[in-house]
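Report on one structure; see the data block that follows.
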């Protein structure tokens, strides 16, 4: 009997482990390889033979903010499969709950506030009971009838430099409780495998209405209404157990405040007292560095999530990319580079995107490189940079200056070089792969360092000495390069040879 059951037990255990691993990969959206992607390919006919710097071409005003739209009808946006929006939320402004058909990364350029992504099926872990004033003397039975309870899912406080990850179809809202406007750039990947609709961004409003940005050339103003507008008030009343009057309020038929509304008296939200105290004392940054930079790195640094480390409901949705202590590479004379990918920010497995923040000092140069497995959407946050991009035919497809507020799309495999101007430069690059990789041409861990000297000498018809210089002039630098002249390179090389 035991000999008969042993193979069955072994088969059952193997089947369970296989299914459990598959479930974990589905939950975390993890690709089987860094080289693979779940994105759809670009439409046929995409040539990428002329790149350009983009700025918002139109804006839509709401009661308490502005939504600025980039020209997503441009071929470059359509070929890379991304949509970009910049939002300005004024103090006490509330971005109404909505969800999108594509996964998004949000970078907070300025300001601070609160956001609340709502994940389906997750519990409302923030709970509190209130009692109306003047009820303390009532009996227990009477008191219960005068109590009401508020509960909601976890809310997240954000600040300047945070990257917020929003999976496709996850509703979220945002509130500015600071004293300056919140400025945020939203990059949505509509070619993501999670989007099974047509390849264009669709925002589904749960509240309010907004002006249609596509109608800016028309004489008649058009509005996009929220999802409840299409249902009858009778069905809404029955579904929610509310009156017809309240059901009509859900439809917001006469609400022209837009998607960002003003909360005159501010929001009353459940928040842990310690978080508020940390914010008031200005200690949030150091606390986050200890908790997220130390503990979280040791927990997830292996890059092998098993489905138990971080569940769907408790995933961190934000990470600060501006913190200098998080820099992956740093040159005190040139700048720093910080990467966010699924290894240190696991929710990016669901979003299938990643981000890189680059800070270049005065006249510093970023090593020429190409993106191996992703398109790159570069947004300048500070300063100016001279940028050149070259395609597979050796043709310069972009040669110009990028300044603050401008955006450049760099296609996969195209070679790019960036040089900061006198005031320096800072930018964030959104990548269409959760584990984006680049191949540097110069410096440490570069292509030239990996090639034999004789290969370089014969490939470029130069002497072996020149080939050695080509390999080692930037041999001690990685990523951000110090602005040196050729003579300085030669002096450094001669000193190294003599020693």
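Every residue number used here counts from 1 along the chain in the order it is shown.
Just so it is clear, glycine is given a Cβ too, placed from its N, Cα and C backbone atoms.
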Stated Swiss-Prot location of region 'Disordered', expressed as one of 238-258, 259-279, 280-300:
280-300
Among 46, 79 [disulfide-bonded residues], residue with fewest other Cβ within 10 Å:
46
Where DSSP helix means H, G or I and strand means E or B, what are the helix, strand and coil counts for the domain 'Cupin type-1 2' (319-468)?
24 helix, 72 strand, 54 coil
Kindly state the mean pLDDT of the domain 'Cupin type-1 1' (51-248) in the predicted structure.
84
